[in-house]
Amino acid sequence: MPIRVLDELPAVNFLREENVFVMTTSRASGQEIRPLKVLILNLMPKKIETENQFLRLLSNSPLQVDVQLLRIDARESRNTPAEHLNNFYCNFEDICDQNFDGLIVTGAPLGLVEFNDVAYWPQIKQVLEWAKDHVTSTLFVCWAVQAALNILYGIPKQTRTDKLSGVYEHHILHPHALLTRGFDDSFLAPHSRYADFPAALIRDYTDLEILAETEDGDAYLFASKDKRIAFVTGHPEYDAHTLASEYFRDVEAGLSPNVPYNYFPKNDPQNKPRATWRSHGNLLFTNWLNYYVYQITPYDLRHMNPTLD
């Protein structure tokens with residue numbers, strides 16, 4: 001899917017170097033089709049890196065995706081230039097009267113922070129409530145899953161003693177589910193989280209359908225039956241080097257982190273890691289865009305009435 005972004009966004013050149021099809025706004029304006037409108041609420045500190053990761057996954061289909069970047073944290077960023085945020089991000093007040101085909105809420109490094117201590121917790125709740133009436137389908141990633149489960153279902157925060165970091169095996173539970181269509185029976189995906197997602201807890205608190213689990217019984221991929229919300233507890237968007245960057249950052253900070261599981265060749269951090277989850281990540285996002293967004297979203301977004309027909 002050619003992603004449609006502003007001509008000056010740094011991701012344009014970065015992704016083109018990877019042979020990813022990026023369509024700038026100036027070129028897209030000449031095509032007489034309605035693009036899918038996808039809003040990305042980027043909660044990660046290194047926003048440009050995260051933009052590249054998600055835009056890459058949204059790019060592989062013949063339909064246009066018009067991407068809008070959203071921020072809700074008004075504090076000065078230490079990792080992203082203010083000029084970049086001012087040029088390419090909108091505030092919630094700018095888009096609250098609009099409707100969108102899809103919304104992606106990224107993870108955030110807040111696993112050890114209580115929800116009420118998160119600086120923008122009220123804004124998170126506001127966006128999730130707004131999305132019920134203004135977005136066809138929302139995809140939550142990693143920490144955003146934990147936040148959404150608390151806001152939407154009242155599930156208390158579950159925190160692991162040690163951080164889960166590495167590339168783990170998962171298995172699908174419903175081979176014919178649309179979101180897992182084309183998945184291998186077992187597949188790899190990276191995790192980097194303190195949050196805990198026991199499948200039994202999610203079944204007890206919600207009517208969400210768990211579609212894939214880790215080998216230890218943690219929920220990895222689950223969704224509502226009406227396709228309006230979907231959750232992925234790992235990081236299928238991560239680059240090959242992302243877990244390594246996090247690991248060496250924590251080493252330098254004196255945190256004595258565990259070496260990410262099943263990640264470095266021969267479990268040696270001096271060896272260059274390889275991405276073993278790219279095909280899974282691409283297929284997951286393609287399925288979400290096709291079956292959870294495109295096939296149920298209304299043609300006229302002024303009348304938000306998703307249908308399963």
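Any Cβ shown, glycine's included, is placed from N, Cα and C.
Of the residues proposed, Ser137, Ser192, Ser279, the one Swiss-Prot records at the same substrate site as Lys163, Arg249 is Ser192. Cα of Cys142 (active site, acyl-thioester intermediate) to Cα of Lys163 (substrate binding site): a distance of 13 Å.
One residue stands out among the recorded positions Lys163, His235 for having the most other Cβ atoms within 10 Å of its Cβ: His235. Reduced to three states, the DSSP call for Arg249 (substrate binding site) is helix. The record gives Lys163, Ser192, Arg249 for substrate. Within 8 Å of the mean position of their Cβ atoms, the other Cβ atoms in that chain belong to Pro109, Ser165, Leu243, Glu246, Tyr247, Asp250, Pro257.
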